[in-house]
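Undergrad: Just passing along the structure, written as structure tokens.
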Amino acid sequence: PAAPAVKQIEKRDSVLTSKQQIDRLLRPGSSYFNLNPFEVLQIDPEATDDELKKRFRALSILVHPDKNQGDPERAQKAFEVVDKAYKLLLEPEQKKRAVDVVQAGKEYVEHMVKQKKKQLKKDGKSQDVEEDDPEVFKQAVYKQTMKLFAELEIKRKEREAKEMHERKRAREEEIEAAEKAKREREWQKNFEESRDGRVDSWRTFQSKGKTKEKKSRSFLKPPKVKMEQRE
């Protein structure tokens, strides 16, 4: 499998210049197409680590900003796409996941072809289908694989958004609890600080009341009348 992979890579290299590679990596819908690291690097999933390394080196040189000084910004973006795909495939777990997606895409198309042939046989028709053509089959696998990568990315983003929302909610609850505790502490402190003041005020109020009462009582006493005034 390695030899045909190398031949295919050589064929691809011969037809794509630096500009064409940059255009390919940044074409409309590239965020969708570039989810497949094998598609980004134009390398078969069966390629060895050594072939992967060589492919990355060749492609990264083609799209490097230093080699594309007429269009450095787009070259930089393309280089980042290539670098990301390469680093992903260097991680055994990530590479296995990517290989599994490609395999699942192939198995799905094979299953659909079998179902088509089964139905044609049942209808008494010729069992020839367009996917019998290797190129058509390959294109069908390519489309299905891209669809699977996109579905996984959507699920990943949904999961990420959910986790972010949960973290935000937990943080908000934590802040609210802290603010509530702070308000309670302040209320208790104010209550304790003002308690003595309230008691003192009440004592003062009571003492003032008694003073006023005494004054008012003395005020109500009838005036003393001298004996001389009676006559």
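The backbone N, Cα and C atoms fix where each Cβ goes, and this holds for glycine too.
Automated prediction, rather than curation, is the source of TrEMBL annotations.
The compositional bias 'Basic and acidic residues' annotation in TrEMBL covers 159-201. Among the features that TrEMBL reports, compositional bias 'Basic residues' is placed at 209-218. The domain 'J' annotation in TrEMBL covers 36-103. Annotated region 'Disordered' per TrEMBL: 113-135, 159-231, in sequence order.
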Undergrad: State the residues, same chain only, that lie 6 or more residues beyond the ends of the compositional bias 'Basic and acidic residues' (159-201) and have a CB under 8 A from a CB inside it; answer 'none' if no residue qualifies.
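TA: For the compositional bias 'Basic and acidic residues' (159-201), there are no sequence-distant neighbours (Cβ-Cβ under 8 Å, at least 6 residues beyond its ends): none.
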Undergrad: Counting by DSSP, what is the helix, strand and coil composition of the domain 'J' (36-103)?
TA: 54 helix, 0 strand, 14 coil
Undergrad: If you run through the compositional bias 'Basic and acidic residues' (159-201) with DSSP, how many residues end up as helix, strand and coil?
TA: 43 helix, 0 strand, 0 coil
Undergrad: Provide the three-state DSSP residue tally for the region 'Disordered' (113-135): helix first, then strand, then coil.
TA: 15 helix, 0 strand, 8 coil
